[in-house]
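Colleague: Pasting a structure below so you can have a look.
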Amino acid sequence: MDLKQEQDLIQKVRNKERLSQEEGEALYELDLYTLGELADEIRREKYGNKSYFNINRHINPTNVCADICKFCAYSASRKNPNQYTMSHEEILEIVRNSVANGAKEMHIVSAHNPNDGVEWYMGAFRKIREAFPDVHIKAMTAAEIDFLKREYGLSYDEVLDLMIENGVDSMPGGGAEIFDEDVREYLCKGKVTSDQWLEIHEKWHQRGKESNATMLFGHVETRAHRIDHMLRLRDLQDRTGGFNAFIPLVYQRDNNFLKVKEFPSGQEILKTYAISRILLDNIPHIKAYWVTASINLALIAQEFGADDLDGTIEKESIQSAAGAASAHGMNLDDFVAMIKNSGFQPIERDSLYNELKVY
Ligand code: V47
């Protein structure tokens with residue numbers, strides 16, 4: 001890119017014009033600080049100095065999985081021989097304790113469990129809903145929904161309607177990985193396809209429900225693949241408006257079957273946050289998920305377009321199995337202090353981004 005092209009691109013971002021695949025790729029060629037400034041301008045126009053988080057609990061009820069994803073260290077396999085599946089009572093006990101500790105959202109993501117039927121999934125939601133009418137249940141990635149369809153012969157519509165009947169409020173953004181079909185085939189052949197992932201979220205949004213979208217990056221994908229992933233989400237969001245947040249998940253490298261030659265630098269990660277803020281002009285929130293970014297980089301990402309840090313989490317099993325420092329969540333007072341010390345105003349939100357408390 002020559003100087004004139006660079007200036008034109010910067011002007012286009014400042015004019016809030018929509019960027020193409022090529023222009024998205026060209027953003028990576030800008031220096032980090034220029035890119036950060038552009039993303040920060042957008043972030044501050046939308047949210048000023050606010051940084052959102054919630055008080056939540058991640059529950060991962062089983063690691064027994066019928067599918068194989070090379071990047072996954074969580075599912076039971078020869079690298080992780082400790083299988084477990086929680087009973088409904090065990091799940092309820094976790095919810096009971098977490099609610100008593102102030103959690104307002106249960107983020108429930110399982111492996112693809114072929115042993116206990118659809119009722120094992122849905123009964124857990126129903127029992128939580130009956131016992132805790134006010135808790136927000138964010139559960140079932142599109143990958144789990146596709147698994148229930150394949151395993152138990154239901155349609156996507158039937159699974160989504162069952163989720164609503166049994167009390168699920170919103171969907172997490174997992175299972176998206178990288179939409180490019182060749183990379184996806186290499187990473188997680190047989191799992192939900194990209195088109196199916198998008199179709200499931202579209203159907204969920206058509207029911208008046210909201211969801212998030214993730215992107216797993218920093219492994220074998222290219223910058224072009226990341227831009228393609230974001231633009232496919234932007235297209236769907238134009239049609240439905242149902243995505244709340246985009247969450248770039250930084251790949252964690254331990255205890256899995258994926259061979260990666262080169263890991264992204266901190267600068268590359270920050271550029272990816274900034275570019276997502278610029279390209280995804282129709283997705284309200286960019287989440288720097290501290291679990292995979294590390295808390296230090298997530299705090300800096302607040303200056304590169306991110307306005308949300310996810311939550312206190314309490315316990316996390318998927319990314320911590322692959323090396324993330326999230327096994328025991330984040331202490332609320334520490335979290336608030338860190339956000340304040342980084343120069344931002346901590347805002348506790350609910351799962352749909354209504355503001356609950358200014359710290
Ligand atoms: O899709 C698996 C990822 C995701 C690794 O919606 C890994 O608010 C990094 O759905 N390194 C599931 N990531 C988690 C998920 C999620 C997480 C946080 C917030 C939200 C939200 C949703 O975990 C999977 C996969 O991409 N994952 N292994 C790994 N080694």
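Quick reminder: no glycine exception, Cβ is built from N, Cα and C everywhere.
Look at TrEMBL and you will find CYS65, CYS69, CYS72 tagged as [4Fe-4S] cluster binding site. Annotation comment: TrEMBL describes PHE71, GLU177 as S-adenosyl-L-methionine binding site. The annotation domain 'Radical SAM core' is assigned in TrEMBL to 51-284.
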Colleague: Can you give me the Cα-Cα distance between CYS69 ([4Fe-4S] cluster binding site) and GLU177 (S-adenosyl-L-methionine binding site) in Å, rounded to a whole number?
Modeller: 10
Colleague: Reduced to three states, what secondary structure does DSSP give PHE71 (S-adenosyl-L-methionine binding site)?
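Modeller: For PHE71 (S-adenosyl-L-methionine binding site) - judged by DSSP and reduced to three states - the answer is coil.
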Colleague: So which binding-site residues out of CYS65, CYS69, PHE71, CYS72 are up against ligand 1, CB under 6 A?
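Modeller: Near ligand 1, sequence order: PHE71, CYS72.
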Colleague: Compute the mean position of the Cβ atoms of CYS65, CYS69, CYS72, which form the recorded [4Fe-4S] cluster site, and then list in sequence order the other residues of that chain whose Cβ is within 8 Å of it.
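Modeller: Once CYS65, CYS69, CYS72 are set aside, the remaining close residues are ASP67, ILE68, PHE71, TYR74, SER75, SER77, ALA111, HIS112, CYS188.
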Colleague: Using C-alpha atoms only, work out the spacing between GLU177 (S-adenosyl-L-methionine binding site) and CYS72 ([4Fe-4S] cluster binding site) and round it to an integer in Å.
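Modeller: Between the alpha carbons of GLU177 (S-adenosyl-L-methionine binding site) and CYS72 ([4Fe-4S] cluster binding site) there are 11 Å.
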Colleague: If you draw a 10 Å sphere on the Cβ of GLU177 (S-adenosyl-L-methionine binding site), how many other Cβ atoms land inside?
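Modeller: There are 26 such Cβ atoms around GLU177 (S-adenosyl-L-methionine binding site).
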